[in-house]
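As recorded in TrEMBL:
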ACT_SITE  HIS195  active site, tele-phosphohistidine intermediate
ACT_SITE  CYS511  active site, proton donor
BINDING   ARG302, ARG338, ASN463, ASP464, ARG474  phosphoenolpyruvate binding site
COILED    36-63  coiled coil
DOMAIN    6-129  domain 'Phosphotransferase system enzyme I N-terminal'
DOMAIN    160-231  domain 'PEP-utilising enzyme mobile'
DOMAIN    260-548  domain 'PEP-utilising enzyme C-terminal'
Amino acid sequence: MTLELQGIGVSRGIAMGRAHILFHNQPDVREYLIPAFAIEQEVDRFLDAIEQARQQLKSIRNHIPANAPSDITSFIDTHLLMLSDSSLNKIPVEMIRQRRCNAEWALQLQRDALINVFNEMDDPYLRTRRDDVDHVVTRIHRILTDQEVAEHEIPDGRLKGHIIIAEDLTPADTVLMQHQGIAAFVTEHGGATSHTTILARSLGIPAIVGVESVRRYVQDNEPLIVDGETGIMLMGADERTQNEYEGRLIAFREHISSLSRYKSQPTKTRDGKAITLLANAELPEDVTTISAAGAQGIGLYRTEFLYMNRLSPPEEEEQLAAYRDVVEGMNNQPVTIRTFDLGADKTVDGGRHLNQTVVTNPALGLRAIRLCLSQPNMFRTQLRAILRASAYGKIKIMFPMISTMNELLQAKNMLEQCKHQLDNEHLEYDHHIEVGAMIEIPASAVCAELFAQHVDFFSIGTNDLIQYTLAIDRINDHVNYLYDPLHPAVLRLIHITLEAGKRHNIDVSMCGEMAGDPKYTRLLLAMGLEHFSMHPNAILEVKQVINETMLDELPSNTLEIMNAADIVEADALLELINGSSN
Ligand code: PEP
Ligand code: MG
């Protein structure tokens, strides 16, 4: 009998293989008293374990292939940094000396203290850091208690083709498993924004998270089917189901490889309308993937990642070097740099160097342009760096989360001040640099007409536009089901923005997830969107849809979708749009 378990599909793809269950049991840690004469020996044992953990992580890091996504290295680096932090390498030493307790116990007490602090903070980004603490502490505990290196850390190829079933996975685990050729993974915990999930997506490993008690239902070596798109995991599939999924797997592979032919083709509809496909980037290293995907530039460079995992914000020269690398790497293609969108789920160092406090509704609080303007020195440093980088290639500058005219004018004013400073210092920059605003708050979409008079372009951020329009916290699993790009309110706001752009003759692009979902491509084309920016992996799929579309043959009632009474009606109309003009 086929048994089906449902989780959250977080990384697309179908996998069929045997289960390999990982039991990451925390070592059983007990306290015992260390005699006074042996205290320093115990301290040495602890420090030695820290050093061994460091060597293990460095070894993992050295085995990361050069073409692996940059995220992987930074995750390992985060764990290495934690090993160098006094909260992990000094405080337990003090505890050993003061309490005269064993190293494992001191580490456990410190772990509990750190986790308690994280637990009190209702912030998803910090929750991810809490998991990191646990991963690092478990590694040290394993060394202290002489436990074997976890089975999946032995690169002997035993896991090849297996589907990993685990309570949770660390990013380091995921890297190693990818080397061993695992087919997929399914975990009990984790969410769409966890480090491991992000990694799975960039590594192309099908993955499902949030399958409650999955380790209790599955037997080791049992054949499984995983669909990373629908979040369905099947056990004991009958022949018919197996054949069905084998067919789907083949079709998925053929689909991915068939897309490569679009790489060298220009992006235009069958009736000749040229469309721009741009990529979203998070780190300077992303340029390689972006160029390989055939993007025509970067439509959104999320600079806030430069500010993360460090104790102080990057200085002007460091930022200049990062932006210059990106723009030079893009060989004269345009790069839209967004000023730091920190705050809400994207805090830095727990907000310490920005004096941020934990607030009840962080998404409605001091984030993005609001934070930029409240930290004028930090903002100016970034504006100067972006301006200076514009001397090396085509850069545009974009302000996130604009909600009032005053914010926009203040930001532009600061940009002008920075230009004057650079003039006085005889430093070069592009005097005609384009300035744009993100439209991601309903207020700014409604008033797009007014903002259009003061900017060179708009970029629609649907992730936040949907969050704020429908009052759905985009990272809250409980209300995720309400997250709907087809809601008439969302579509109407997009429409208003596109129309305002047309009337004022300024470019309007879209850089939220909606732009990278081929399901919405035709609808967006019909609404008049000409510039799409997305995760590089999505580019060829969207390009395929564009290149196969005859705009003239889209149903004449396409825009009726903005009046759809409910999701059923909207979905039916979308199906009609997507089924037409092939
Ligand atoms: C958006 O909100 O759609 C967007 C692109 O910005 P971010 O996802 O970084 O908030
Ligand atoms: Mg946004």
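Cβ atoms are placed via backbone N, Cα and C, with glycine included.
Across the domain 'Phosphotransferase system enzyme I N-terminal' (6-129), DSSP classifies residues as 77 helix, 15 strand, 32 coil.
Mean pLDDT of the predicted structure over the domain 'Phosphotransferase system enzyme I N-terminal' (6-129): 84. If you count neighbouring Cβ atoms within 10 Å for each of the binding-site residues ARG302, ARG338, ASN463, ASP464, the highest count belongs to ARG338.
Checked against ligand 2, the recorded positions ARG302, ARG338, ARG474, CYS511 give no residue with a Cβ under 6 Å from it. With a cut-off of 8 Å between CB atoms and residues at least 6 apart in sequence, the same chain places ALA363, ASN463, ASP464, ILE466, GLN467, TYR483 near ARG474 (phosphoenolpyruvate binding site), listed in sequence order. Straight-line distance linking the Cα atoms of ARG338 (phosphoenolpyruvate binding site) and the residue listed as 'active site, proton donor', rounded to a whole number, equals 11 Å.
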